[in-house]
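Q: Handing you a structure now.
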Amino acid sequence: MASKAPVPGQPKIWLLPPNETEQSIQLSGTTDVSTGNDYCAMLEASKCTKTADLPTEDEHGSGALRPGGALNLFSTEAFGLLSQYASGSSSACSTRYQSQSYKVLISLGWASKIFFGILTDCLPIFGCKRRPYMVLGWAICGLCCLIMAITKFPDPYYGKPGLRGLNNLTAEQLKYINDDAPTSADLFIVLSMIASLGFVMANVAADAMVVQYAQREPIAIHGRIQTAIYFTRDTFMMVPMLVVGFCMNDYKYGGPFSWRIGPNALYAGLTIPCLVGVYAAFALIVEEKAVSMTFRQYLHDLWELLQLRVVWQICAFKFFNLIFGSYISTLADPISSIWVHVQPLVATSFAIVAQFVRVVVMFIIGKYALSWDWRITMAISTVILVVMDTFIRTVAIWDVYRNQYFQNVRIALESIPNAFIFLFGTYVIVEIVQIGNEGTVYALVGSISTWRPR
């Protein structure tokens, strides 16, 4: 392409900022900007785009935070990543059905998220930071589930239906009471804790991979990969909810059914998603070799990041939002059971419906609402949530209308604003993460949810 030399003293028309123009000409081997041939240099894309130092418009010009382009959600690479969350939904939900203390012990693994985040950021295995920890985590979790599947589960406290709630038991009835039940499941508690640690390790590594993919997305679809993983997780979470709600609800678990599946069968089933997680991490997920960084430099960069106002503001928002949004009165259960007479089966059914509604809302958000204003949407959702919860609970407390179905509809309806608050509150985390500390920062902000009241 030919071009005329510019007239002396006439302003030049720059197709790029002057500093980038000069850099591009030097890299492409063309003449200096003062020669008048700079127009040709800027219009010949082949000379400017071959160098890796200049990002393409599809990567950075559209608002992406790192090069690489958005991940195709129908690729095998995406399938491997989504499999981590499909498997994790079963492991996270199904191992928490026994008692409140058991749930507390299992949830202790989530307190280790920051530790595992630092581990995956700073200690590559065979040159990779994420895939080896996914494989190792799922292998630990699967091994523990397999051991629990082949080990005889202790007898329950009530060995016969109809004994629950009785104060004065006859000698014949006392034969069916297992006084050793509270202390006979120590092995299962320990193995469950270890399995939880393995799951958290794999989950933290997967979250770090999600951050890397999310930062490659253009601004127009920012949040798509995060919506996809949480959509997958919450969809598959309905499977263990159905299993626990309808297949483990006989008298041994305080339920009305006359049949059940044993805990050993449940743990045997949990080994399957663990094996899927191992295979997906090993064979499907693509990860480049990690760039080496000293631990001192890593801590320095992390400390500089944590001092930014935007970081502690996001942490403060998530903390206070969860503290006040997750507050549950101690009278909530007595109101439901004594005044409203909510049956366990009805509560379980509506919990599954609420999960389904949440999944549908996530799909709608991912398709139509990625470009909405996050702050305004979260504020409106919070107001709707408070008004809805206050109204439905008030009519039950003051005996205006006490109906178990009406009360449980609240759970399904509240999942709509909750989905907006959760997803939009998660999208913003990607904006503050820097290259090299993806696991730690995402784990730090994400683990704030484990500090809420339980």
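Just so it is clear, glycine is given a Cβ too, placed from its N, Cα and C backbone atoms.
As listed in TrEMBL for this protein:
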TRANSMEM  104-126  transmembrane segment
TRANSMEM  133-151  transmembrane segment
TRANSMEM  187-206  transmembrane segment
TRANSMEM  227-246  transmembrane segment
TRANSMEM  266-286  transmembrane segment
TRANSMEM  345-366  transmembrane segment
TRANSMEM  378-401  transmembrane segment
TRANSMEM  421-445  transmembrane segment
Q: Kindly say whether the transmembrane segment (187-206) and the transmembrane segment (104-126) touch, using the definition of 3 or more Cβ pairs under 8 Å where each pair is 6 or more positions apart.
A: yes
Q: With the transmembrane segment (227-246) as the reference, which stretch in 104-126, 133-151, 266-286, 345-366, 421-445 has the largest tally of C-beta pairs below 8 Å?
A: 345-366
Q: Tell me if the transmembrane segment (345-366) touches the transmembrane segment (104-126). I count contact as 3 or more CB pairs below 8 A, with pairs 6 or more residues apart.
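A: Not in contact, no.
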Q: Do the transmembrane segment (266-286) and the transmembrane segment (133-151) share at least 3 Cβ pairs under 8 Å, sequence separation 6 or more?
A: yes
Q: Cβ under 8 Å, sequence separation of at least 6 from the ends of the transmembrane segment (345-366): give me the contacting residues as numbers and ranges.
A: 223-224, 227-228, 230-231, 234-235, 237-238, 241-242, 245-246, 249, 255-256, 336, 404-405, 408-409, 411-416, 418-420, 423
